[in-house]
Ligand SMILES: Nc1ncnc2c1ncn2[C@@H]1O[C@H](COP(=O)(O)OP(=O)(O)OP(=O)(O)O)[C@@H](O)[C@H]1O
Ligand SMILES: Cc1cn([C@H]2C[C@H](O)[C@@H](COP(=O)(O)O)O2)c(=O)[nH]c1=O
């Protein structure tokens with residue numbers, strides 16, 4: 001089974017992801033951007049204010065393809081629980097916002113990005129969405145790069161809302177304005193419900 005953690009920068013995904021290691025010591029914990037050279041290329045692009053949004057989309061997508069082929073699919077094939085800190089929804093939310101704000105003429109950026117993924121990706125079985133307002137997210141993340149800005153994060157949040165609305169059965173919304181302890185407890189409860197209520201999913 002593949003469970004992903006999604007939300008704005010600073011919403012607490014990594015804090016939760018680390019806490020889950022103690023609860024599920026045998027799970028495969030992974031993340032996007034990855035620590036491969038594809039992920040390094042993504043981080044170079046994040047640091048470049050002038051990076052082309054379409055080129056950046058395909059850097060993230062290349063990193064995802066490598067992540068799928070070398071980490072996610074093999075682990076699912078072996079019947080492991082895979083927990084990923086960010087996954088394809090981050091592209092649908094962030095790169096759709098970047099493309100929409102650019103002068104690149106793609107009429108429906110999110111649908112375009114989803115179409116690119118549908119040819120090869122493997123959707124998550126469940127997604128925990130850490131819901132936080134853009135201003136608090138920007139404050140918590142320290143506003144250190146081009147994504148961590150209130151206006152941009154507001155657009156990203158609207159895109160996450162569209163994703164949740166389109167697939168309510170896949171998403172579990174968690175109020176991330178609460179204390180780290182409360183958020184961790186809520187996510188651990190959601191994991192228990194997901195894993196109790198679902199047959200072990202051997203889809204690759
Ligand atoms: N529930 C919370 N309340 C207040 N602060 C929090 C909470 N959860 C995490 N933080 C703090 O906010 C900052 C960002 O947390 P974290 O790295 O877990 O977020 P993230 O979603 O992984 O961010 P990013 O996507 O930017 O990596 C850290 O300083 C962390 O200690
Ligand atoms: C996977 C992915 C990530 N991003 C953005 C979101 C963050 O601002 C950075 C780095 O992620 P981290 O969790 O803070 O390490 O990348 C994105 O725009 N699109 C994606 O697909």
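Cβ coordinates are placed from backbone N, Cα and C, and glycine is handled just like the others.
What TrEMBL says about this one:
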- 5-185: domain 'Thymidylate kinase-like' (DOMAIN)
- 7, 8, 9, 10, 11, 12, 13, 14: ATP binding site (BINDING)
- prompt: So among the binding-site residues 7, 10, 12, who's got the most Cβ atoms within 10 Å?
  reply: 7
Task: Just the binding-site residues from 8, 10, 13 whose C-beta lies under 6 Å from any atom of ligand 1, please, or none if there are none.
output: 10, 13
- prompt: Of 7, 8, 9, 10, 11, 14, listed as binding-site residues, which ones have a Cβ less than 6 Å away from ligand 2?
  reply: 9
- line: Under a three-state DSSP reduction, the secondary structure at residue 7 (ATP binding site) is strand
- request: Using the recorded ATP site (7, 8, 9, 10, 11, 12, 13, 14) as reference, state which further residues of the same chain have their Cβ within 8 Å of the centre of those residues' Cβ atoms, listed in sequence order.
  value: 130, 132, 137, 140, 141, 176
- prompt: Ranked by the number of other Cβ atoms within 10 Å of their own Cβ, which of the binding-site residues 11, 14 ranks first?
  reply: 11
